[in-house]
Amino acid sequence: MRRISIFGSTGSIGQSTIDLIRRDREAYDVVALTGGGNIDLLAKDAIELGAKVAVTAYEDRLADLKAALAGSGVQAAAGEHALIEAADREADWIMSAIVGSAGLAPGLHALRHGTTLALANKESLVTAGPLLMQSARSHGARVLPVDSEHSAVFQGLVGEDQSEVERVIITASGGPFRDWSHEQLKGATLAQACKHPSWDMGQRITIDSASMFNKSLEIIETREYFGFAPEQIEVLVHPGSYVHALVGFRDGALMAHLGAPDMRHAIGYALHWPERRDLPVARLDLAKVGQLRFEAPDEIRFPALRLAREVMELGGLAGAVFNAAKEAALDLFIAQKIGFLDMAQLVEQVLTQMSAGGMLKVTALSLDNVLAADKEARARVLALKAA
Ligand code: NAD
Ligand code: MG
């Protein structure tokens, strides 16, 4: 039996992971499940899967979790320290599917035990890629990508020599505002930004897809995970979301990865790697799809893409600042306190401020300096909003 834990089990990726586990219950020994405020779902899954421990990120929900788990034999725990303790419990495979930079510390802890980390939490690569990957290397742990594009690139590289790769193209659906004008984008509402044309995901990443911040995080994720140079990484808008990524080689060949837009493919690939197993995803009927459409991305209407390039250029703590400022701006947009385009503007302002103040430079990334930069960037977004 493989011992597994799922961080962020109550979310979109967490639930898709549980769906796969549930279909093959006998193969897995569930160690820990973690969630946020959805106590009922967390407790229900923990009881059904016989988890050793269920953890809510919120200390003030411990009593509720205890009540929901009463008599089940599943231990209840709460708070950031409990998340770390859960990451320290021995497991063979851990799904990192907390949303935001809150996923960084548990993931780093898991890697210290040499555990295989299936990484959906792209924010940890954006904020602290060199730290995370170095930690994996020094502890003999493996990080497996669970973003659809990155899983696709990973699969495209099987059996290849990475030094022969000329370029990597990650696709973007373009989101609900793909063909909106600047004027229309200005007035984009929360409800409109929450409607993704091809993927069913958590609210935050859905809005990030509408603003293309998701793709900008993924450009950086590609750089940090695979080590490609920024100029080798391209974005291609592909509204159908059938082609997830393409790897281009020195001889001009492009290897594309196609599949239905269903995260259970990338999750299942990471779960069964290095083998392939049957997965319950729809099979593409390309005759029915008919045509595959591609467009160049527009960095003027979607400045997040341009900002990703600047972040890679700046290095140091720029990724941590970029991600945290984005998270804080997204909070404000969700609270309907700022407009859609204000998000990129606030993020750019904070990056400029902190870069001019020499605050992005460090000799090496550590959890402490990354979390301090994260906190500072969030505070600056709020200060700019208040000004
Ligand atoms: P979601 O919002 O549906 O779920 C997030 C999970 O994290 C929930 O379990 C929630 O309780 C937990 N959580 C939230 N805040 C927390 C905190 N401060 N501390 C601890 N736990 C917290 O998100 P999702 O769509 O499942 O995305 C999860 C991660 O996977 C994100 O990093 C996202 O970018 C990435 N991802 C998601 C998809 C997708 O299809 N949903 C695709 C690719 C990558
Ligand atoms: Mg993706």
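Even glycines carry a Cβ here, placed using N, Cα and C.
Among the candidates G175, G187, G202, G227, the one that TrEMBL lists alongside T10, G11, S12, I13, G36, N38, N121, E123 as binding NADPH is G202. Checking the candidates H81, H196, H272 against TrEMBL: the one annotated together with K122, S148, E149, S173, S209, N214, K215, E218 at the 1-deoxy-D-xylulose 5-phosphate site is H196. Of the recorded residues, N121 (NADPH binding site) and E149 (1-deoxy-D-xylulose 5-phosphate binding site) place their C-alpha atoms 13 Å from one another. T10, S12, G36, N121, D147 are the binding-site residues among T10, S12, G36, N121, D147, H196 whose C-beta comes within less than 6 Å of an atom of ligand 1, given in sequence order. Ligand 2 lies within reach of D147, E149 from the binding-site residues S12, D147, E149, judged by a C-beta closer than 6 angstroms to any of its atoms. Closest to D147 (Mn(2+) binding site) by Cα-Cα distance, out of the binding-site residues G36, G202, N214, E218, is E218. In this structure, S12 is the one among the binding-site residues T10, S12, N121, N214 with the smallest number of other Cβ atoms inside 10 Å of its Cβ.
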